[in-house]
Amino acid sequence: MMGQNQTSISDFLLLGLPIQPEQQNLCYALFLAMYLTTLLGNLLIIVLIRLDSHLHTPMYLFLSNLSFSDLCFSSVTIPKLLQNMQNQDPSIPYADCLTQMYFFLLFGDLESFLLVAMAYDRYVAICFPLHYTAIMSPMLCLSVVALSWVLTTFHAMLHTLLMARLCFCADNVIPHFFCDMSALLKLACSDTRVNEWVIFIMGGLILVIPFLLILGSYARIVSSILKVPSSKGICKALSTCGSHLSVVSLFYGTVIGLYLCPSANSSTLKDTVMAMIYTVVTPMLNPFIYSLRNRDMKGALSRVIHQKKTFFSL
């Protein structure tokens, strides 16, 4: 009987966003514009880092991977949301739902790991400037990026395989705009204790520990600055770390608030809004944060534009 129940669910229904029918077209245009902005902004950062030799440094290696992660993170959920809003068809096949969940976890976890790597890079740059090149060697940086990809791949695969073993009965309505893992667990009609324990344990490893490592890095940075207080040193630290701190606050603020600090009167609307912030808004804002507050990125853009003008004027 349980096997029949599992195979009877061939697809799920995504309720999407709690918007009125008359607001559908406006919201569709808004999310399409946000998605295109995310794609173009992050692609611009990747291309600039690739083309400008001045940006071939550890910090920008991590940033290019972060931009790629943001680009993919949005692409996991937003195209399906736009399709459902346009076609008025909220269904998603069972296999597609698990696939979406897998890539959502992969790129979300990858962002967490890369933010830690960038925090460590800033820590070394400010606290050990004379040894920066020796510590942040190309081999170390490539190893960190490769390890981040491997760990997040296995973590996402673990949760996906555990989800695939569950049985789903008659209820196939997901009160979300994507296949959220916690929402899927609520629909399962088999024992989910193993899944919940793995989420609890791995959540600490993937979210809490990286966040604490970032806090530790910035605590050491602040301590280093206070030892030799000067307006020049403070300005340098702010210019070096300001963009990264903004991104960390956006990402971890919403994720921790949603998954690790749920309120007693938690509602579907609140969960949807907070999920929208870190899946749509944060990836869109990251390119603006890093380009508008970063002299290196502005300089790289100017040099690339100047080179193109020179090329076409020949």
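Positions of Cβ are set from backbone N, Cα and C atoms, glycine also.
Look at Swiss-Prot and you will find 1-25, 80-100, 159-195, 260-272 tagged as topological domain 'Extracellular'. Taken from Swiss-Prot, the feature N-linked glycosylation site covers Asn5. Marked as transmembrane segment by Swiss-Prot on the basis of sequence analysis: 26-49, 58-79, 101-120, 140-158, 196-219, 237-259, 273-292. Marked as topological domain 'Cytoplasmic' by Swiss-Prot on the basis of sequence analysis: 50-57, 121-139, 220-236, 293-314. Sequence annotations record features per position, and here Swiss-Prot assigns disulfide bond to Cys97-Cys189 based on sequence analysis.
The recorded stretches the transmembrane segment (58-79) and the transmembrane segment (273-292) share 3+ CB pairs below 8 A when only pairs 6 or more apart in sequence are counted, and are therefore in contact. The transmembrane segment (101-120) makes no contact with the transmembrane segment (26-49), as judged by fewer than three Cβ pairs under 8 Å among residues 6 or more apart in sequence. For Cys189 (disulfide bond), the number of other Cβ atoms no farther than 10 Å from its own Cβ, over all displayed protein chains, is 15. If you take every residue in the topological domain 'Cytoplasmic' (220-236) and average the pLDDT, you get 72. Nonlocal intrachain contacts for the topological domain 'Extracellular' (80-100), taken as residues 6+ away from its ends with a CB within less than 8 angstroms of a stretch CB, comprise 9-17, 24, 27-28, 31-32, 35, 160, 163-164, 168, 174, 177-179, 184. Long-range Cβ contacts of the transmembrane segment (273-292) within its own chain (Cβ-Cβ under 8 Å, at least 6 residues beyond either end) map to 17, 31, 34-35, 37-38, 41-42, 44-45, 63, 66-67, 70-71, 73-74, 77-78, 104, 108, 176-178, 180, 243, 246-247, 250-251, 254-255, 257-258, 298, 301. Other Cβ atoms within 10 Å of the Cβ of Cys97 (disulfide bond), summed over all protein chains shown, number 23. For the topological domain 'Cytoplasmic' (50-57), the list of distant contacts is 64, 296-297, 299-300, 303-304: same-chain residues at least six beyond its ends, Cβ to Cβ under 8 Å.
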